[in-house]
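> According to Swiss-Prot:
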REGION    1-20  region 'Disordered'
MOTIF     59-64  motif 'PP-loop motif'
BINDING   C134, C137, C225  [4Fe-4S] cluster binding site
REGION    282-305  region 'Disordered'
Amino acid sequence: MTAVLPLPQPLADPAPRDPRQRLQREQLRLGKRLQRQVGQAIADFGMIAPGDKIMVCLSGGKDSYTLLDMLLQLQRKAPVPFSLVAVNLDQKQPDFPAHVLPAYLRGLGVPFAIVEQDTYSVVSRVIPAGKTMCSLCSRLRRGALYAYAQTHGVTKIALGHHRDDIVATFFMNLFHHARLAAMAPKLRSDDGAHVVIRPLAYVREADIAAYAQARQFPIIPCNLCGSQENLQRQQVGKLLQQWDRESPGRVEQIARALGDVRPEQLADRTLFDFLALGRSGDAPSGLDPDPRAWLSAGHATHDSD
């Protein structure tokens, strides 16, 4: 008689993964992605040189906290030595928790300075109630930070602008100023004395927000300009968020396009010599009519018109 073997029992479902462990792994992957993107931006634009003293402008927002955190992590394994100093500008805003940043930075063991300058009173006095304060506030803030950098041997000034800031600035310039311009990942400061770098240039704002939440940074809200509604940047930001929801990857494509400019396919005569295009190499340039003659011809009228 042939033995009847018992049917194999179905394998039990694996035990559900611990949600805390899964969250930790996701946060670890996020941190590594941000480090990789920051390192790539630094390499692509030559942001950091050996011996640089980098001033990290720390506002107390998620972006600047993430910037400092990334640079501290990269500093430990960077191919070149550089130093960091975190600098916060105390603008004397009402109810500003002045103790938060010093306590946080002391806990990290990071060299830091608090620059006190009452820009709040200046802005409040000059700007009418209900008007946007961001532009004037930004200029005053830059002046104070540049002055500190000048007197303390700073060679690079690191700002926390991210990919979405850069794309938003592009559209603000396009919509409101009729020019194609954004934020450069690296540029000369307004006073001409320093180089400004934006190591978060490749990082999405959503990733920064998630990272800041995971790291539990002590976020300080901006009560001066960040809470004002209907600002141009907020409007553009909402547009970008809508695009990300409806067409994932569109904002990333726009960001990449900022690094692939084709002057010959635009209309800026200072970037491309349209007058020389199509001109015979043997034809003397003196035979070309004065461009102003075409303008005069365009204005000419006849009795039959």
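Cβ atoms here come from the backbone N, Cα and C positions, even for glycine.
Locate each feature and note its surroundings.
Across the motif 'PP-loop motif' (59-64), DSSP helix (H, G, I), strand (E, B) and coil residues number 3 helix, 0 strand, 3 coil.
Under the DSSP three-state reduction, C137 ([4Fe-4S] cluster binding site) is assigned to helix.
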> Starting from the Cβ of C137 ([4Fe-4S] cluster binding site), draw a 10 Å sphere and report how many other Cβ atoms land inside it.
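Cβ-Cβ neighbours of C137 ([4Fe-4S] cluster binding site) within 10 Å number 21.
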